[in-house]
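Visitor: Pasting a structure here, questions to come.
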Amino acid sequence: MAQRVAVNDGAAGSKRTSRVRVAVRLRPYMDKQDEKSEGSCVRGLGPQKLEIINWRNATETLQYQFDVFHGEETTQQEVFLTSVKPILPHILNGQNASVFAYGPTGAGKTHTMLGSQEQPGVIPRAVKEVFNLVGAQKKEQDGWEYSIGMSYLEIYNEKVLDLLSPGSQDLPIREDKDRNILIPGLTHTPLSSFADFDTHFIPASLNRTTASTKLNQRSSRSHAILLIKVVKSQRGPPHRQQTGKLYLVDLAGSEDNRRTGNQGIRLKESGAINLSLFTLSKVVDALNTGAGGRVPYRDSKLTRLLQDSLGGSAHSVMITNIAPEYKYYFDTFSALNFAAKSKQIVNRPFVRETVLAPTIAPGKRTREEQEAGGSGEPQNKRSKEGKKAEHSPSPPLHPQSSPDSSVLDRLLALEKMMMGSAERERLNLLKTVAQSRKEIQMLKEKQKELEDKANMFNKQKETTEKESKDALLFKTDLPPLHRKQSTAAKPRKQQAVVTPLQVSQVQPLQQCAVVCKPSQTLVKKKRVQTEVCDGKENIGVDLPPVEDVNWESRLDPALLEQSRKKILQTLNSGSLKELKSLQQIGDKKAKLIMGWREINGDFTQVEDLKKIEGVTVKRFSSFIKANILSSMGK
């Protein structure tokens, strides 16, 4: 069973605290970024102090003091040695460490964290140092095993994406019972050497979302977080296991969209970046305020993942990158104020250690122990004697004496009983199997009988259908109508009855437009009884079922042409009222038709209606269908 071991601060007995260390790095002055040649607005005053011009009063300056100030000429190695390297040994002792770069866009955050091949940044130097520390501890402490792994993700538009698995979707953020933040489904890649890390990290970095803006040719459009996990396991008892994590975070820079010229997707990305950084500032303000108030970690996925770094249990270092040019003045001013508030945050790191407690199963007591247990001595007395016996030299081992005859008799009886029960179970099982086989055979015979009946029925059905088809070859017209005398004793009142289509008087239009095709699958006749409108006679008609007759609607070309001429005549000579009487022609369309006639003359064909504004091909087709059917109904 694994249990969590809290580590206290030596003799004091209270948890250690670790303040967030803040380092400020000033990017070198760039002429092309200073369009007005105004010079630098920031100046260093020492290894920890700097000053910036007060925008409210140009004759004054504002001074800031941090843990470390890196000037324009500071190298990548100096930044790593002074700010990052001191916290790395903590992860080999089961604690967490965090390094993140903060600042406006174009201030050099990605250069500080990644660097280049000639000047590696914080990430490659830190990972290499972790492998060096593990190698050194392996030589000093022989009873421990070490395993190193990495995970790499980005937060793009408030979506957590796995950079080691580019095809992954938005990953959820969870919290376990110990309040540790974790991401289910995030790829964890074991590492054996720094070269192995290089193989995985470089392609994954290319998967990160970047784009060009007016202020930065290669602007990061997402926050990137690299997690290095070191697990230290003890080979022998008590089999302790310590887990340390190193978070290396490259934040995207805050942007002023009026200067970057962001539009479309760039504008959406900028909004997500600024919102997450604003939530980060709210978290810092809440931590500085204290008083047990709510800290809005859950308001953003970035602050949710940085929860351990700010006010959590990690040794944290924030590298604030600033730009010296005047056009970045307010971005630099805001970044310095944020850094000044962040250095007041206090974390409480502890060792994450699990101890595998050995689980010893209670063994059977020997006969001598049972006899000793039956003597009525208290349990604590026996345990004291057992402790004394541990310190005394153990007696020599004696060969075990032969068991008593009564014990042998009991064992033989038990064996016979067990063998007998097994034989009975075997016989019962065989009987059950035989019965099941018999039932299966009966079911098979019954199934065969049912199949024979089904085949016979299908043959009879096929014969009947064939005879029906042969009969239809000589009979295609409907049977004549037969009159039947009314059986009513008294004349009933006249009532409205809907006359079926088969017996109603066929109109001339229906004679030319509707054709009945008798179905060839006619099986039986159905007698249909209906009533004439006067309610005095019943007419019996032997007709095929309606579902067995296929009706097909077909328009006579002459009738269709007649309808189109009638519509064309209305379009050319109709008044406003007559035009509105056409289907799908309202007041507006009627006025447009009359205006078109005055300008272009009469319509030569109905298709000319498509030339009028607002009459599309689809509307014209619907217009033709509706008016042709309407004219037929008349």
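Just so it is clear, glycine is given a Cβ too, placed from its N, Cα and C backbone atoms.
Take a look at what Swiss-Prot says about it:
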- Gly103, Pro104, Thr105, Gly106, Ala107, Gly108, Lys109, Thr110: ATP binding site (BINDING)
- 421-471: coiled coil (COILED)
- 379-391: compositional bias 'Basic and acidic residues' (COMPBIAS)
- 19-345: domain 'Kinesin motor' (DOMAIN)
- 357-406: region 'Disordered' (REGION)
Visitor: Going by DSSP, is Gly106 (ATP binding site) part of a helix, a strand, or coil?
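Guide: Once the DSSP labels are grouped into three classes, Gly106 (ATP binding site) ends up as coil.
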Visitor: Which of Gly103, Pro104, Gly106, Gly108 has the fewest nearby Cβ atoms, counting only those within 10 Å, among these binding-site residues?
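Guide: Among the binding-site residues Gly103, Pro104, Gly106, Gly108, the lowest count of other Cβ atoms within 10 Å belongs to Gly108.
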Visitor: Measure the Cβ-based neighbour count of Ala107 (ATP binding site), defined as the other Cβ atoms within 10 Å of its Cβ.
Guide: 26
Visitor: Across all the protein chains here, work out how many other Cβ atoms are within 10 Å of the Cβ of Thr110 (ATP binding site).
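Guide: I count 23 other Cβ atoms within 10 Å of it.
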Visitor: Tell me the Cβ contacts of Lys109 (ATP binding site) under 8 Å, same chain only and six or more apart in sequence, or just say none.
Guide: Ala101, Tyr102, Gly103, Ser220, Asp250, Leu251, Gly253, Ile319, Asn321
Visitor: Mean pLDDT over the domain 'Kinesin motor' (19-345): what is the value?
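Guide: So the average pLDDT across the domain 'Kinesin motor' (19-345) works out to 88.
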